[in-house]
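Taking it in order: structure first as structure tokens, then the write-up.
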Amino acid sequence: MGDPKDPSDPAGTQGGIREPDPTLGKPAKPFAPEPVAARSPEPPSQESPSQESWSPEPRPPGSVPSHAATSHAAASRSSESRSSEPRAPEPRQPRIRRQRVVLAEPSRSSNSLRARVELEEQTSWGELLIKDLVKVQLRTAVLLGLLVFGVLCAIPAVFYAVPAVTQLRLAGIPVPWLLLAVAPFPLMFGVGLWYNRLAERRERDFVNMIEH
Amino acid sequence: MQVNPWALVSVALVVVVTFYLGHRTSRFARTTHDFLVARRTVRSRRNAAAIAGEYISAASFLGVAGLVLKEGADALWFPIGFTAGFLALMLFVAGPLRRSGAYTLPDFMEARLSSPALRTASTWFVVFIGVLYLLPQLQGAGLALMMIMPAPAWAGSVLVTVVIAYNVMGGGMRAITLLQAFQYWFKLYAIAAPTFVLCAVFVAGGAGAPGSAGSLDEPAPPNFAAQTAVTVDTDVTLGVDSPTRVRLDDGSGDGGSGDGGWTTWRPGSQHAVDAGSTLTFPEGAAVPTVGQATSANLDWLLPSTDLTGLLSTYSLLLALLLGTMGLPHVLSRFYTNPDGKAARRTSVQVLLLLGLFYLFPVMLGLLSRMFVPELLITGDTDAAVIALPTAMLSGVTGQLLAALLAAGAFAAFLSTASGLVSSMSGVIATDLLAGKVRDYRVASVGVAAVAVVLAVTLPIDDLALSVGMSFALAASTFAPLLVLGIWWRRLTWLGAMVGMCTGGGLVLLAVVLNAVSAHTGEWAPWLVQQPALVTVPVAFGLTVLVSTATAGRIPEDVGAVMLRLHAPDPLGFMRDRAVQRFGRAEEHTRTTPGRHRK
């Protein structure tokens, strides 16, 4: 993970997709357009300080917690930074012993919401993420485009430079007709499929990075 | 001309089915959102068929085969360029364009550069390109109808215009989506089935089959298989490569000296033939050609290997490649996808559908070189596809195949013209009028009326070539703006405006020069006929230069716009500008009394 003080750290890029900002999705911090500056009064460590400051009793994972209703809201807010943290049940009905059933991991909505806000507010980090995505998508498009259009433009150039090629035949059919009437279409469709896969994978990676 | 009753029936069927489908689907269209972008609900498979259906115009269905008949291997660049345009569109434009949430091309320009002036300018360019593209479709319809029944040239144009104006007026984009998707599959069937049958006939009979004009790799022009009489409808100048016996009957009786009006044409000289004359050639005579058409089969079979050929090939390729992404009616179909991912998937499927289709017109062009070479004399090569089946097969079979091809050609006119009219109506209704459904309807009627008047009054040109000019125009105006606008943050509206106007102006200059040269002795060089190789780089360069010089005018919200264009769809940054301006469809039905209960 890159140094959080320097969001433009080039070492954080990996295959064009930047490592997520370590401050993304961390609770207990009012949102500010400049995350690095806003974080300085907070303790810089990862998760334990916020955990201790909000829930007084240590809870082993899986146990049924018994919080006071006042601390519950804050505790659940803080616990969302850790996916394994169970949520408290309704504390107002102590007689009915409800078993807490966790069907899936807790919602990541606050996490992804924070990341979205960073993107939308065009913080330096959010803008950098988008610039990286644009750059890598453009690079793929240009490379694949050059591949296809290079091949297409090479065909008449070869005819011009080596006119003898036009006389060749393959199974009785002149090579130029095969090259021009048949060959380009599978090539273009194949490259189209390829680009589509690459672009969709990039976008999936980007979304995963934002939402985790 | 003999009337082919099957063709009349099949064309009537296509028109009726189109009318009915449009009528049915337009019942669901009520709001501006429906009319402009079909409520953004068209899935990628349906949209791909619709785009391919709209894109395969008369220029593809009839023109490609005609060009192959006339120019041979060099004409194969047209299908390649038509298809490669979608690859470029997919690589650089499709996804971000859809994510911009725009509903017309001018709206995208305003969303990106927030300049009303640029929006107005691009509105006019959209209308101009649309009309330039629409005219050959309507004229082709007139031509095709004349081929199957004794009708005046305007009848076909008016028929097509009435049908599409009704459909577009009734349901806009909502109505024509299903139509265009249906028409793609119909066109594929209508060209594939006859091609298979004719190829089977050809293979069974061999190259020397009765009716064939000789093998295609001889260094000689095709020959007439039997004594053939050809009536010329317009004044033409013919040339021959070898001494050719011919009897010229121009209706006045002075058939020339010698035996019964027969004379011999010598190679090297041009022979002017007046309109209305009938030329009769004996069996085995070489087929003369009009003007610049390639006469000898061997030259025709091999691609050109000189420098002019190379450069004009590049120019054509560039125009088609970038022109596709600037065609407003193609782009307006991409707005109907639900999101950017679907738009990109749509264009991959379009690549497949187009590649499949274009195999067949090329085959038909090859066959027509052998079986209907007399079209080279009249210069009416666009008729090759429809004339071919009856020339190869006598009796009902040939007529049935010709009927199927004629119906396919009509489907091509209908689908392309409906896409053009709907995209132009959308632009006019939202930019020049208030954008209500009624404005859209008024605009569609107006566009259709203007187009049909122009189509009937202006002279007819080669289908694929005049379409080629509108591609060059689109490539020199909108393509640089789209590519730079999507990928380059420092674009300014001033740079965009200068680039667009200069590129467009240069192409229009070439169009004018071309028209002047056509009337004053064909002096124009290849660059005037295919100007994209110069105009596109000039437009790109000027856009970049002026944008860099006016860096102070970079819009302030460029970061937010780039985020919207490029952030993946699940993050939900997309804003539907049509909903923002015209309201959501459901809200609208509630405020309209009574209508929603239909």
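Cβ coordinates are placed from backbone N, Cα and C, and glycine is handled just like the others.
Residues or ranges marked as transmembrane segment by TrEMBL: B:6-22 (among others).
The transmembrane segment annotation in TrEMBL covers B:48-69 (among others). Tertiary neighbourhood of the transmembrane segment (B:48-69): same-chain residues 42, 75-76, 78-79, 82, 133, 136-137, 140-141, 144, 176-185, 187, 191, 324, 329-330, 333-334, 345-350, 353-354, 357-358, 361-362, 364-366, 368-369, 372, 375-376, 381-386, 408-409, 411-413, 415-416, 418-419, 462-464, 467, selected by CB-CB distance under 8 Å and a gap of 6+ residues from either end.
If you look up TrEMBL, you'll see B:75-97 (among others) marked as transmembrane segment. Within the chain, the transmembrane segment (B:75-97) has long-range Cβ neighbours (under 8 A, six or more residues past its boundaries) at 55, 59-60, 63-64, 67-68, 108, 303, 313, 316-317, 319-325, 330-331, 334-335, 340-341, 343-344, 346-348, 350-351, 354-355, 358, 361-362, 365, 464, 468, 471, 482-483, 486-487, 565-566.
Here TrEMBL flags B:117-135 (among others) as transmembrane segment.
According to TrEMBL, the transmembrane segment annotation covers B:141-168 (among others). Away from its own ends, the transmembrane segment (B:141-168) comes close to residues 1, 3-4, 7-8, 11, 15, 18-19, 22-23, 26, 58, 62, 175-176, 179, 382-383, 386-387, 402-403, 406, 409-410, 413-414, 417-418, 421-422, 425, 444-445, 448-449, 451-452, 455-456, 460 of its chain (Cβ-Cβ under 8 Å, at least six residues beyond either end).
Non-local neighbours of the transmembrane segment (B:307-327) in the same chain are 55, 74, 77-78, 80-82, 84-86, 88-89, 92-93, 129, 133, 468, 470-475, 477-479, 482-483, 526-527, 529-533, 536; each lies 6+ residues outside the stretch with a CB under 8 Å from one of its CB atoms. Taken from TrEMBL, the feature transmembrane segment covers B:307-327 (among others).
According to TrEMBL, the transmembrane segment annotation covers B:348-367 (among others). If you look at the transmembrane segment (B:348-367), the same-chain residues 6 or more away from its ends with a CB under 8 A from one of its CBs are 44-45, 48-49, 51-52, 55-56, 60-61, 64-69, 75-76, 79, 82-83, 86-87, 90, 184, 187-188, 191-192, 194-195, 198-199, 202, 216, 384-385, 388, 392.
If one looks beyond the transmembrane segment (B:400-421) by at least 6 residues along the same chain, the residues whose Cβ comes under 8 Å of a Cβ in the stretch are 4, 6-7, 9-11, 13-15, 18, 22, 53-58, 60-62, 130, 133-134, 137-138, 140-141, 144, 147-148, 156, 160-161, 163-165, 167-168, 176, 179-180, 183-184, 186-187, 189-191, 193-194, 197-198, 329-330, 332-333, 385-390, 393, 444, 447-448, 451. The transmembrane segment annotation in TrEMBL covers B:400-421 (among others).
Residues annotated as transmembrane segment in TrEMBL: B:442-460 (among others).
The transmembrane segment annotation in TrEMBL covers B:466-487 (among others).
Feature annotation from TrEMBL assigns transmembrane segment to B:494-513 (among others). Same-chain neighbours of the transmembrane segment (B:494-513): 109, 113, 115, 117-118, 121-122, 125, 469, 472-473, 476-478, 480-481, 484-485, 524, 527-529, 531-532, 534-536, 538-540, 542-550, 553, counting only residues six or more beyond its ends whose CB sits under 8 Å from a CB of the stretch.
The transmembrane segment feature in TrEMBL is assigned to B:533-554 (among others).
Long-range contacts of the transmembrane segment (B:117-135) within the same chain: residues 57, 104-107, 109-110, 326-329, 416-417, 420-421, 423-424, 427-428, 431-432, 447, 450-451, 454-455, 458, 466-467, 469-470, 473-474, 477-478, 481, 493, 496-497, 500-501, 504, each at least 6 residues beyond the stretch ends and with a Cβ under 8 Å from a Cβ of the stretch.
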